[in-house]
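Pulled from Swiss-Prot:
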BINDING   Cys567, Cys576  [4Fe-4S] cluster binding site
BINDING   His662  divinyl chlorophyll a B1 binding site
BINDING   Met670, Tyr678  divinyl chlorophyll a B3 binding site
BINDING   Trp679  phylloquinone binding site
TRANSMEM  46-69  transmembrane segment
TRANSMEM  135-158  transmembrane segment
TRANSMEM  175-199  transmembrane segment
TRANSMEM  273-291  transmembrane segment
TRANSMEM  336-359  transmembrane segment
TRANSMEM  375-401  transmembrane segment
TRANSMEM  423-445  transmembrane segment
TRANSMEM  525-543  transmembrane segment
TRANSMEM  583-604  transmembrane segment
TRANSMEM  651-673  transmembrane segment
TRANSMEM  715-735  transmembrane segment
Amino acid sequence: MATKFPSFNQGLAQDPTTRRIWYGIATAHDFESHDGMTEEKLYQKLFSTHFGHLAIIALWVAGNLFHIAWQGNFEQFVLDPTHVRPIAHAIWDPHFGSGITEAMTQAGASGPVNIAYSGLYHWWYTIGMRTNEQLFQASIFMSILACWTLFAGWLHLQPKFRPSLAWFKNAESRLNHHLAVLFGFSSIAWTGHLVHVAIPESRGQHVGWDNWLTVLPHPAGLAPFFTLNWGAYAQNPDSLDQVFGTAEGAGTAIFTFLGGLHPQSEALWLTDIAHHHIAIGTVFVIAGHMYRNTFGIGHSLKEITEAHNTRHPNDPHKGSFGINHDGIYETVNNSLHFQLGLALASLGVATSLVAQHMGALPSYAFIARDYTTQSALYSHHQYIAMFLMVGAFAHGAIFFVRDYDPELNKDNVLARVLGTKEALISHLSWVTMLLGFHTLGIYVHNDVVVAFGNPEKQILIEPVFAQFVQAAQGKMMYGFNALLSDPTSSASLAANSLPGNHYWMDLINRQDALSAFLPIGPADFLVHHAIALGLHTTALILIKGALDARGTKLIPDKKDLGYAFPCDGPGRGGTCDSSSWDAMYLAMFWALNLLAWVTFYWHWKHLAIWQGNVAQFNESGTYLMGWFRDYLWLNSAQLINGYNPFGVNSLSPWAWMFLFGHLVWATGFMFLISWRGYWQELIETLVWAHQRTPIANLVGWRDKPVALSIVQARLVGLAHFTIGNILTFGAFVIASTSGKFG
């Protein structure tokens, strides 16, 4: 007899109802809950999945390279990167009529194509790629890499090649390896590519497999390196008149500290980027030699954490903070969920910073003038950062349920955080209410006075503290004369004493959207506080969910119920929204709400600057109807007209996605609001009708159909809500921006 799904849980496989399928999918990746799972097997399985993950990434990159080389216009883009619209891939669709075929035949293509808003063309151009042949070669390499990593994943599951549990628990060696080899060496290797390939190409000199061993990346070769005359590598940088990709105005420097942007490509200087990578690679290689290796050389993490205490005789606190980090080393090293939570939080912060800096400090040549790509990449990275951050708190909560040992952590910082959770949660609650009432109150007040014809009665607050911070970095327009905006300050004198030319002040004081600090006023002040409200509310729900994971006054035995337990009904005073899973589920809605405010703000402010109409954001951004009318409605107009009775245009696929996204989003409410009993009755009715209908009654079920549990329905509803949100906003951002700028 064939084994029924899920094979990893034979108890669940015997379930005669459709619950079997749902619970099987839900626990497929929860290796801890699988039959016959040991701690060693768990680590080995997870280790192998990392190789699978790498294979998927390599395959995705290979697919992009292959389709752009095959169906794109990369070589035409290289000749004129500011005017040629990059093609992602061709479209073959049996639903296309002549109108849409004509509308989608664009960017010099002979048939219907999609325009690329991923920034891949700019990335590949910046790193020195110039021909379709190079893209094909890279695609083949990435495909081979995908096969190799898949093989590595399979190999490490074979008995002879399975690492032992002790190998996985050797935190210091793993840290050394990740710091020195993965981060350090890869950063230095990337410097090598930039210096040997990308920088020469940016100066009109091709370096390929045929000549890379004979072309010196710097006229002096390695002599300055060995004679410690490293400054030689910074001399003779590219001039301000350099034409990117040609020898005109090119210098010979490879590691510089120029600051600001290349005037023509409007991206960071490639020589600055190379300097950054060699510096960070060196730091990481040094860091990768700090922790205790198998020869007993280096620091012990356990000793470091346990030395972080207030028990030292000279410490003024004299142990008043408990025993600090005692027990933390074992707690982290023995909990995969703790480690994953830390990794997700770190990556989440980094991804959000990437979103900001791709706009404020663009590193790819000419990408700053591709407004649609910039808008899409900002939204994309902020959305990903949000998912990663919510995941960090989710696994933090699972840690408290599954892995936390109260005895091991007695009176240390973890225990202290749990012990003071009421204070933490109530303070966060107070902050969210303060932000919410005041921000909404000012928006609503402004709305009313504008509606009644008295816009001069709006409450408009200048963000003076933020303006001061900008001035301290060198923004002159506010007249603060602080630090770098004061030519006579110690900061300015120190900056001016650096040898050579530096351009960060030019970048900060630019008059366009590429200024590192855009001018800010009352509209920014209000939306900043709205975003702060979203951040604090999301954090409140997530932190409360994690800190209450083990127990509350209402449910002191919560840790015994697991991470996601169903509603108990009114028996214990009502426990419907009390599992940690429910907190993460509720936080997702606030996180998506917050993302809307963050991305709306960035997008509208930039649209206004790009269109030369800064006053639109500054004047309409101070009241709610301004946001609804002059941002959402005004920018949806072209989108809603993507197709109409008179024909279609190239925005019509985005218009359709906008409509479809709303449908998916609204479908979510069907699962989020309905009661479980209604679904069970509906299913029973449908099954009854099915069984009594000719032809339809030939199809039967092996499993008895049962309604989704409350937790399952919430998940399905949230999935629809989230995907609908992404489809709707993605289509809106791309269509509203490309409709204006191409």
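Using N, Cα and C of the backbone, Cβ positions are placed for all residues, glycine too.
Note that the structure is a prediction, hence the values are computed from the model and not measured.
No contact links the transmembrane segment (651-673) to the transmembrane segment (583-604), because fewer than 3 Cβ pairs that are 6 or more residues apart lie under 8 A. Residues within less than 8 Å, Cβ to Cβ, of Trp679 (phylloquinone binding site) and separated from it by at least 6 positions along the same chain comprise Ala707, Leu708, Ala713. Through the fold, the transmembrane segment (46-69) approaches residues 31, 86-89, 116, 118, 120-121, 132-133, 135-136, 138-140, 142-143, 145-147, 149-150, 152-154, 156-157, 163, 168, 336 of its own chain, all at least 6 residues removed from its boundaries and within a Cβ separation under 8 Å. Applying an 8 A CB threshold to same-chain residues 6+ apart, the list for His662 (divinyl chlorophyll a B1 binding site) reads Gly724, Thr728. Packing against the transmembrane segment (525-543) from elsewhere in the chain are residues 389-390, 393, 424-425, 428-429, 431-432, 435-436, 438-439, 442-443, 461-463, 466, 583-584, 586-587, 590-591, 593-594, 597-598, 601, 621-622: each is 6 or more residues past its ends and has a CB under 8 Å from a CB in it.
Beyond the transmembrane segment (715-735), the same-chain residues lying 6 or more positions past its ends with a Cβ under 8 Å from any Cβ of the stretch are 26, 117, 372, 375-376, 379, 383, 585, 588-589, 592, 596, 599, 603, 635-636, 638-639, 642, 651, 654-655, 657-658, 660-672, 708. Sequence-distant neighbours of Met670 (divinyl chlorophyll a B3 binding site) (same chain, 6+ residues apart, CB-CB distance under 8 A): Gly717. Among the recorded stretches 175-199, 336-359, 375-401, 423-445, 583-604, the one sharing the largest number of Cβ pairs closer than 8 Å with the transmembrane segment (273-291) is 175-199. Proximity of the transmembrane segment (375-401) to the transmembrane segment (583-604) is established through 3 or more Cβ-Cβ distances under 8 Å for residue pairs spaced 6 or more apart. Long-range contacts of the transmembrane segment (423-445) within the same chain, counting only residues at least 6 positions beyond its ends with a Cβ under 8 Å from a Cβ of the stretch, are 417, 458-459, 461, 526, 529-530, 532-533, 536-537, 539-540, 543-544, 547, 622-624.
Cβ-based neighbour count (10 Å, all protein chains) for Tyr678 (divinyl chlorophyll a B3 binding site) stands at 11. Met670 (divinyl chlorophyll a B3 binding site) carries a helical DSSP state (H, G or I).
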